[in-house]
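Straight out of TrEMBL:
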COMPBIAS  A:1-14  compositional bias 'Polar residues'
REGION    A:1-22  region 'Disordered'
TRANSMEM  A:48-68  transmembrane segment
TRANSMEM  A:74-95  transmembrane segment
TRANSMEM  A:126-147  transmembrane segment
TRANSMEM  A:156-175  transmembrane segment
TRANSMEM  A:195-216  transmembrane segment
TRANSMEM  A:237-255  transmembrane segment
TRANSMEM  A:261-279  transmembrane segment
TRANSMEM  A:308-331  transmembrane segment
TRANSMEM  A:368-387  transmembrane segment
Amino acid sequence: MSSSTTNKIDSNTPLLDRSDERVNHDSSIGDVVRSFVDRVKSGDLGSLPVVVGLIIIWSIFTAINPVFLSANNLVNLLFDSATVGIIALGIVCVLMLGEIDLSVGSLSGVGSALLGVLWVKQGLALPLAMALSLSFGACVGMAYAYLRTRFGMPSFVATLAGLLALLGFQLFLLGSTGSINLPYSSSLVDFGQLLIMPAWLSHSLALLPGIVFVFRGVQIRNKRMAMRLSAKSLNSILVKAVLMTVALEMIVMYLNQSRGVPWMFGLFLLLVIALNYALTRTKWGRYMFAVGGNVEAARRVGIKVERIYMSAFILCSTLATLGGMLAAARLASASQQAGTGDVNLNAIAAAVIGGTSLFGGRGSAWSALLGIIVIMSIANGLTLLNLSSAHRYMITGAVLAVAVIIDSLARQSRQSHGKA
Amino acid sequence: MSANKNNHAETATPLLSLQSVCKQFGAVSALTNIDLDVYPGEVVALVGDNGAGKSTLIKTIAGAHKPTSGQIFFEGKPVNMEGPSDAIDLGIATVFQDLALCENLDVVSNLFLGQEKGPFALDETEMEVRSWTLLNELAARIPSVRDVVASLSGGQRQTVAIARSLLANPKIIMLDEPTAALGVAQTAEVLNLIDRVKAKGLGVILISHNMQDVRAVADRVVVLRLGKNNGVFTPDSSNEELIGAITGASDNSVTRREQRIKSASSACEV
């Protein structure tokens, strides 16, 4: 391409990425819709199943009990989502590598027990107790990564062993009393139960994504045009930003009719956004995808694969501990029941339902958010219907099975469409 | 053949020169006294049967094996490579047979894997532009660099793998069976690509079992047999000669007898 050497932009020469006439490019809205349908047909589902699933679940529960969609109930839903959601965020990291951590539930229990022992029983300062608990979690992740990379122990087995060991450690920590109550007046319990963003703040924060979207969009557009690449039209950027802002403002307004947006959910969102940035815009994130897609290829180009495993497992375990401590704050106690039962599977199910593949190399931080809202909606809705946890477990199990089936089918479809 | 070599000697020192390189694995001599020269803008085909030592030689040049004895010269200077990264730093790029691409990542990500621009805020625009310029230079027909590699054909994947190895501006590029498992059209595309890499002034070492491909692009054909140099041929030498050298079929009692008679008769004439 001789024109690439000249600086003059000639409107007749095709853009760098539009010179191949075999490729269809979406220019009109109809093209965009058509390419979306094609993508879905070929198994590139993205977050479509979650959104559809969420609509179905919400319509059913609202039809049975209108309280479900009340602002007050949704605020409760957000409180509940934050704790397990943070654990699911860690699960996204290990799933991205095609690994798994089955011990996040037990580890979150140990996190809360350690917090109770160090803070309430030993009288350490709260930040110190939390830091110690988090570093214990990081050490557990380091151990899993070491077992995986040094001894080639499948993470499935290593973390299954960890599940039992950590459960034992939790019982040992809590001793004969079985539970430690966290002081009600403390800032941590306030954070877990009560703290809500002021309305003005939540409304201003809801404006932020739209502004950042337009700013980044225009910045990228200018840069791409200067380098003779195709760029999104200004209109599409603005339309998307306006739609996003209107939707967010409406959600915030609705939640503010009741108590408002919990700070704990705000923390969860912040972590999701941070992980999303790390996964999509940094070298580390690119390496996570590469290792999940083809370990040998990653090794050959000089990626330090062991470090990537290490970072993912440490991140997962640390987030699990954090989730455990916040769960303790939500209940104002660290008990033997913390982290047992469905916490483990809820966290894993959330990541998978949200669209992170169990097979590695495919997923996003947003899947933790979407998935946990689905899982918690089911739990919350069934509780409103006065169904016991027996029913809840069965239904959540079925939803997880459906999610994995969709993941597998989509994978097969991608393979047959040459997009595996 | 010798004229060809003299031609090079006037213009340049060899990019890469191996002098009596030996490699032993325990009692096995995988390579014995290998000599090999690669000049800029030259395609050297490396042919030989299975177990002839092609892979060992490639790995030695790529820095993965250390030669037991002998010396490797790069641009006239003796070099000691401690690992593959040393070879890459010198400017020796290798495309292995399995390509080692991440199918879940798009072409840009694969091209820049391990050498991304901007560690904490990837410069996607810059990387995309460089991908397009590189692929256009190679006249590679990739429909979109934002497609995942899984959606590309075998030939296109080979193109991406070769383009990736060119990204670090190497001086010499080694291709391990780039046309194995490719169709007729895709093979032609890869051969065109090799021609273009050659035209850029790079040295190319091509391993192939396909004599047709070797003839199509190579300037010299180096035959390895049982870890030893078994002749250097021009691409227009006959199939019998080449295959004879590869399989050792020319080295049997019949040919030995013919040679003996020939040399005896020439001695008589003198």
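Glycine is no exception: its Cβ is also placed from the backbone N, Cα and C atoms.
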Short question: which residues 6 or more past the ends of the transmembrane segment (A:195-216) have a Cβ under 8 Å from it?
75, 237-238, 240-242, 244-245, 248-249, 251-253, 255-256, 259-264, 266
With CB pairs under 8 Å as the measure, which of the listed stretches A:48-68, A:74-95, A:237-255, A:261-279, A:308-331 comes out on top against the transmembrane segment (A:126-147)?
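So the stretch in question is A:308-331.
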When you scan the chain for residues with a C-beta under 8 Å from the transmembrane segment (A:261-279), skipping those not six or more beyond its ends, what do you find?
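Beyond its ends, the transmembrane segment (A:261-279) has Cβ neighbours at 75, 78-79, 81-83, 85-86, 89, 92-93, 96, 191-192, 195-197, 202, 205, 252, 255, 285, 288-289, 319, 326, 330, 364-366, 368-369.
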Look over the recorded stretches A:48-68, A:74-95, A:156-175, A:368-387 and say which has the most C-beta pairs under 8 A to the transmembrane segment (A:308-331).
A:74-95
Using a Cβ-Cβ cut-off of under 8 Å, list the residues of the same chain that are 6+ residues beyond the ends of the transmembrane segment (A:48-68) and lie near it.
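Sequence-distant neighbours of the transmembrane segment (A:48-68): 40, 353-355, 367, 370-371, 373-374, 377-378, 380-381, 384-385, 399, 403, 406.
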